[in-house]
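Colleague: Here's a structure for you.
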């Protein structure tokens with residue numbers, strides 16, 4: 001499959017627009033065209049050891065869940081390990097792509113896979129995603145009617161305001177008089193200037209309507225998940241379920257104030273990776289994530305919420321096998337897809 005065709009298919013699988021604004025997703029390293037991809041290599045973290053594995057397995061393309069390039073690179077030399085990754089990729093004509101938080105948001109992504117470890121449950125995103133292209137521009141719509149005497153002067157001044165879009169005019173009859181109905185989209189900042197302009201004419205101002213443009217929510221899509229178990233189970237049972245799902249011999253546990261290992265768990269708020277900012281303030285019996293700050297754990301415990309921490313990438317890596325199967329179908333079996341055997345969490349218990 002041609003590289004550009006593959007990237008387009010991957011963007012269809014999980015739109016980069018769903019990623020968090022701070023993230024660095026999409027195609028990160030592109031060999032000179034034309035570039036044909038026969039073998040796609042999946043990893044959670046692209047380390048030097050994993051890159052060597054990709055080279056040995058003659059991969060043409062690496063999909064790394066975490067972006068190996070996050071902070072901007074000022075040079076590409078052999079000095080640092082991330083720079084060396086780029087050098088090795090280009091020398092061996094390997095493309096690098098990262099989906100990261102786009103895969104967190106999608107209904108068939110990392111967080112839904114993590115939720116499967118809880119048993120039978122229903123789930124909704126903690127922070128739902130909005131449709132990226134609706135509305136196309138502006139945060140507010142302003143509509144007002146003006147007569148011929150004032151129309152040209154008002155439109156002339158409005159067009160000079162930065163942040164105005166979708167300006168339209170239509171004939172209208174107001175209280176038996178022929179007027180023009182003006183509709184425009186504007187940014188939050190431009191709204192203040194439009195209102196200030198219209199308020200100079202009381203007739204215009206009293207005929208003004210301001211609408212907040214809200215993008216529709218995408219179903220089952222967004223950051224984190226709030227899961228409601230079909231039947232409450234003890235905290236100790238949930239721990240065993242999670243350990244089994246993630247294939248971990250142990251997890252870290254903080255028991256909420258007033259709770260015990262036998263306390264029932266019905267609602268679980270979860271977030272793969274680092275969940276503090278996503279989970280904070282959510283009412284639940286249990287927070288499940290890879291890592292949280294010390295003080296956020298203390299806050300949760302004080303509020304009677306149990307916390308299970310599994311280490312960052314342990315809440316993500318197991319998804320790769322499911323992803324391999326999903327991409328095989330999505331890409332119509334056109335590419336050989338393999339999962340790294342060297343990729344692993346950097347932390348261990350000594």
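Including glycine, each Cβ sits where the backbone N, Cα and C put it.
Residues or ranges marked as divalent metal cation binding site in TrEMBL: 66, 104, 312, 316.
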Colleague: Compute the mean position of the Cβ atoms of 66, 104, 312, 316, which form the recorded divalent metal cation site, and then list in sequence order the other residues of that chain whose Cβ is within 8 Å of it.
Modeller: 44, 65, 100, 110, 272, 273, 274, 290, 313, 315
Colleague: When neighbour density is defined as the number of other C-beta atoms within 10 angstroms of a residue's C-beta, which of the binding-site residues 66, 312 has the lowest density?
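Modeller: Output over binding-site residues 66, 312: least Cβ neighbours within 10 Å is 66.
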Colleague: Among all the protein chains here, how many other CB atoms are within 10 A of the CB of residue 104 (divalent metal cation binding site)?
Modeller: 28
Colleague: Which ones in the same chain are close to residue 316 (divalent metal cation binding site), with CB under 8 Å and 6+ residues apart in sequence?
Modeller: 44, 65, 110, 272, 273, 290
